[in-house]
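Notes follow once the structure below has been shown.
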Amino acid sequence: MNFLSVGIGAGLVSALLIAVLAKGTPLALLLFLLAPVPVLIAALGWNHRAGLVATAVGGTAIALVSGPAEGFGYVLGTALPAWWLAYLALLGRGDAAGVVEWYPTGRLLAWIAGTAALTLLAAALVSTGSYDAFQENSRQIAELFVRAQTNTPRGTPIPNVGDIPASVIIDRFANAAPIFAAQGFTLILAFYVWLGAKVVAMSGRLPRPWPPLPETLMPRMVLAILAGAVLLANLGGFVAVFGLALAGAITMAFALQGLAGLHDVTRGRSGRVAILSIAYLLLFMSQGLVLGPLFLFGIADTALGLRRRLRARPASGPPAGPTPLA
């Protein structure tokens, strides 16, 4: 069976990309970050079963070389999320006429956020074992970050910022760590899915047509999930960690939807290239601050159909995008 050989090869390649991190070079780090892509390519191009085989083979290979804990960490944090998202991307249902309705990209984006939050929670539970250990680990990372931002070497007291003690700043960063981690992981997972699908599409093996990404629109139920995540974030313990991670992941997903919406509403308009160029320039130069307005645009788009209203103003241009799904 072809999917077996493809899955075995993809799993070995993915494990090799993990192993090169030991080299400690920038190229090794880049290759390490691409480790989920072979699993995605196998699952998208040769059926999701190839992705499962790649997950099992990669995890086994890493466990044999580095130990069972490392192999389990690979399966949990790298391969399984990639397989799951590829599986969702290829979901579809046909009607009596044989027309296939593929899984909407908006729902897939919502699942990318959910997968990021669940993966981070699982990683926190497995790697630390207790909430106190997780908090201490987060505080150590936050202290390293604050030292780097203030150019304070180890062993030297960190100066206060105005009237705010350094310890308070470190605690705030430590408490917000799940938010920032989930936002970054959501962005990375979205890039992985896009890259894997693009590679498979270029080879002609992608079963579904390439979706209109600018029309990506998450369903309104994601708003309720975001509200629930905020409530969970106030309960304490690992429940709060999951709430913070889920809230962070969803905010990043809405920001990505806002960016897609910007592409959508500027189609057919004069100055589109200039508008998008300025948006991307601000995105990279503002260290992510532009994600705030994009998040607001994305959440208003889902809640109020903002994109449809903006596209309805001028008479010219292509038809409006889809309305939010209930």
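Residue numbering: from 1, along the chain as shown.
Cβ coordinates are placed from backbone N, Cα and C, and glycine is handled just like the others.
These features come from TrEMBL:
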TRANSMEM  46-65  transmembrane segment
TRANSMEM  72-90  transmembrane segment
TRANSMEM  110-131  transmembrane segment
TRANSMEM  179-197  transmembrane segment
TRANSMEM  217-235  transmembrane segment
TRANSMEM  242-262  transmembrane segment
TRANSMEM  274-300  transmembrane segment
Tell me if the transmembrane segment (110-131) touches the transmembrane segment (179-197). I count contact as 3 or more CB pairs below 8 A, with pairs 6 or more residues apart.
yes
Which one of these stretches, 46-65, 110-131, 242-262, has the most C-beta pairs shorter than 8 Å to the transmembrane segment (217-235)?
242-262
Excluding the flanking five residues on each side, which residues at least 6 beyond the ends of the transmembrane segment (242-262) place their CB within less than 8 Å of a CB in that stretch?
106, 109-110, 112-114, 116-118, 120-121, 175-176, 178-187, 190, 213-218, 222, 225-226, 228-235, 275-276, 279, 283, 291-299, 301-302, 306-307
